[in-house]
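Summarising the annotation, TrEMBL assigns domain '4Fe-4S ferredoxin-type' to A:173-214, A:269-298. Here TrEMBL flags A:25-46, A:58-76, A:141-163, A:175-199, A:229-245, A:257-276, A:381-399, A:438-460, A:472-490, A:528-550, A:570-590 as transmembrane segment.
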């Protein structure tokens, strides 16, 4: 059950004065960094001769000054509280002797549920540095602050910057860099994006009235999220809505950067509303459009999130600081309990449980990838439906690049009168894509999964229910979806990504040169387009192989010895191969009809 | 249908804090296979202790629920040990006194 543990020293190796001062000075350094960025931008803004005393600089200062003031005042408050080492960890409590008797017995009774702790793992918190880092209150704040600054500049750049999307910080950062980095982070670490997410960071700072300190009172109404709407599907529907809106308003480029900044600001305000109304991180669970995607794709990552090292101890713990909070930490914002976590879907890596646990019983392990997708005993129906819906969204993004779809969509929009509605919304919009065929394409995939599950149920002569087959085998779609959607983002990221060099020096397109890279002209298209298709195809093939591995494991763990299990396994692997062929064909066809591509026909 | 606490299965993590809180009638038990708690309809008297204890608000009573004290008392009456009659209790007390006297006498 429990992994072999080294003895944890009673005192931290980082309790010497040097580290105490490091602990004090790190937040000060971050606050100074924030001030430095503000001063630098203001200086360049005041220096540009043409734009001062216009509405542009008004917007600039109206956003920068209050946000910087808020961060700096909050930081000073927290630094003052932190000064005398209030959060210094005194060392772990003695182990409860009941853990070896009652706790072990209870954990043994749930052996089947806790099957996810098997296999080789390396616990990062065995390393003294990581232990020290995760105990710091400013651990998450240090990760969030740079991102918060970047996304504040995104909002400002979208509003005041030039309209050319390739010269505007907002479009380049959000759609060319962020969307690529996001998927790499998901597949590499899991919810690393949620750790550094600037949207919920700002909302949480307001909710807690502090940047990284542990306050006593919260600034929120703290309502409970209604039970009826406690499902992942809400966030999946928001994701589908966002994808549609992004295509409809052509936000992702080349579109108006103002739309990007409105989208980002809208998400922040929406998040703030949730944070002030509901408890903890309800937004991240039930409002964030990316929650479904990030949670699902995290299963591919080799990190298992903060989790109890020894569950027997948690079984006898009555205080549960990880969930309730202590004088050094808040309770988990993500509604997770390290003592019974079996997947990393919902671990936001905030490290509050690590700070809270009086027994030092929380670890952050690295293990073989894909484990989180097949090992959980409790697989969820809403998550399964979400995966199939998102697979539909991925296929829509491929299909919408073809001329056949464009013609069909145009015809449908004229027949249904959608064009007139779109024109009424904004004169420049063409009404593309039509929501009817958008939803039609997406709904095909849950339907497909459901039909396959019914066939599987028929193979087992009704012994295994279709709902169970659908729920468990949909987890096998996860790697294919994760790598497939990364492949979809790659061309945009790789061909336009290098423009970041110019944009960093000249974020608003006013002709600044902050870092001397404004004139670096990298012709990314020339080096990206030859091989990009092959990278895409190999990603899809890797995803499909991973999916088949997951399917095999699911068959072994969940269906071994049940009627028709082998035939169902073959059927499910066939489904993955079919989806892979569809994806490969889609990417190849898009590349083929792209006039600049070497594989395209010469006419 | 009886008014009992409702568990949000999406949110419940099986920490068993509510099981500990439900100390009067022991109406809540952990489902070992699914790792969420189940509330027994016969035993839950809607006192709300579990709701106050749950850190993630995964268990809640409907807003109209009121503590069903009769149910609590009936369960309590069923479960407690039979009460000794007054005469027996007095006799025991007397016996203890005599014993004490004897002990005191011996020591003297």
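Please read every residue number as a count from 1 along the shown chain.
Backbone N, Cα and C define each Cβ position, glycine as well.
Automated prediction, rather than curation, is the source of TrEMBL annotations.
Owing to the predicted nature of the structure, the values given are computational and were not obtained by experimental measurement.
Tertiary proximity for the transmembrane segment (A:141-163) is limited to same-chain residues at least six positions away from its ends with a CB under 8 Å from its CB atoms, namely 26-27, 30, 33-34, 37, 41, 56-57, 59-60, 63-64, 67, 71, 169-171, 173-174, 195-199, 201-202, 211-212, 256-262, 264-265, 268, 507-510. Counting only same-chain residues 6+ beyond the ends of the transmembrane segment (A:570-590), those with a CB under 8 A from a CB of the stretch are 391, 394-395, 398-399, 401-402, 449, 452, 455-456, 459, 473, 476-477, 480, 484, 487, 533, 536-537, 540-541, 543-544, 547-548, 551-552, 555.
Comparing A:58-76, A:438-460, A:528-550 for CB pairs under 8 angstroms to the transmembrane segment (A:25-46), the maximum falls on A:58-76. Sorting each residue of the domain '4Fe-4S ferredoxin-type' (A:269-298) by its DSSP state yields 22 helix, 1 strand, 7 coil. For the domain '4Fe-4S ferredoxin-type' (A:173-214), the number of residues in each DSSP class (helix H, G, I; strand E, B; coil) is 32 helix, 0 strand, 10 coil.
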